[in-house]
Amino acid sequence: MVRENAYVPYSGFKVGAAIRSASGAIHVGCNVENAAYPEGTCAEAGAIAAMVAAGDLRIAEVAVIADSPHPVPPCGGCRQKLAEFGDPDVPVVMYNTQGEMLRTTIRDLLPGGFSVDYMLRS
Ligand code: THU
């Protein structure tokens, strides 16, 4: 559904994401591209922004869908963004429009990731 609203004049690759937050609310996002290519945003980033705008800060589950030969995993930057708001064991479920599904976790998507813990000084 939200995937259909993706703005993708450059890649033609529509992605949709949904986040269930700790409150139980569902927050959705789609990719929004830009003529200045690096300014484009991923579906996951849109869903995170919607969650934060709604006043939720903790992710309970993530779903991503695209029309792709295989279920599409979040990009590296989105893995870092998801880790900011989700515990390592949060499920990330990836789908394609043919109904294939792959399940993983934030931990498995971003082993050894940077976090606020590394900024703590003794
Ligand atoms: N994209 C996402 O929105 N999420 C992903 O998980 C992978 C890639 C978008 C970014 C860009 O608009 C298009 O897909 C092609 O990379």
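Placement of Cβ uses the backbone N, Cα and C atoms for every residue, glycine included.
According to TrEMBL, the protein has these features:
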- 1-117: domain 'CMP/dCMP-type deaminase' (DOMAIN)
- N31, V32, E33, N34, A35, A36, Y37: substrate binding site (BINDING)
- C42, C75, C78: Zn(2+) binding site (BINDING)
- E44: active site, proton donor (ACT_SITE)
Number of Cβ atoms other than its own within 10 Å, given for N31 (substrate binding site): 23
Any further residue of that chain within 8 Å (Cβ to the Cβ centroid of N31, V32, E33, N34, A35, A36, Y37) of the recorded substrate site: Y7, Y10, P38, E39, G40, T41
Proximal residue to the residue listed as 'active site, proton donor' among binding-site residues V32, N34, A36, Y37, C78 (C-alpha distance): C78
Neighbouring C-beta atoms (10 Å sphere around the C-beta of C75 (Zn(2+) binding site)): 13
Nearest-integer angstrom distance between the alpha carbons (Cα) of E33 (substrate binding site) and C42 (Zn(2+) binding site): 8
Cα-nearest neighbour of C78 (Zn(2+) binding site) within the listed binding-site residues, V32, N34, Y37: V32
C-beta crowding around Y37 (substrate binding site), within 10 angstroms: 9
Residues among the binding-site residues N31, V32, E33, N34, C42, C75 that border ligand 1 - Cβ under 6 angstroms, in sequence order: N31, E33, C42, C75
Among A35, A36, C42, E44, C78, which are recorded positions, the residue with the most C-beta atoms within 10 angstroms of its C-beta: E44
CB contacts for E33 (substrate binding site) [other CB atoms within 10 A, all chains]: 18
Cα distance (Å, whole number) from N31 (substrate binding site) to C42 (Zn(2+) binding site): 4
Nearest-integer angstrom distance between the alpha carbons (Cα) of N34 (substrate binding site) and C75 (Zn(2+) binding site): 17
Any further residue of that chain within 8 Å (Cβ to the Cβ centroid of C42, C75, C78) of the recorded Zn(2+) site: A43, E44, A45, P74, G76, G77, R79, K81
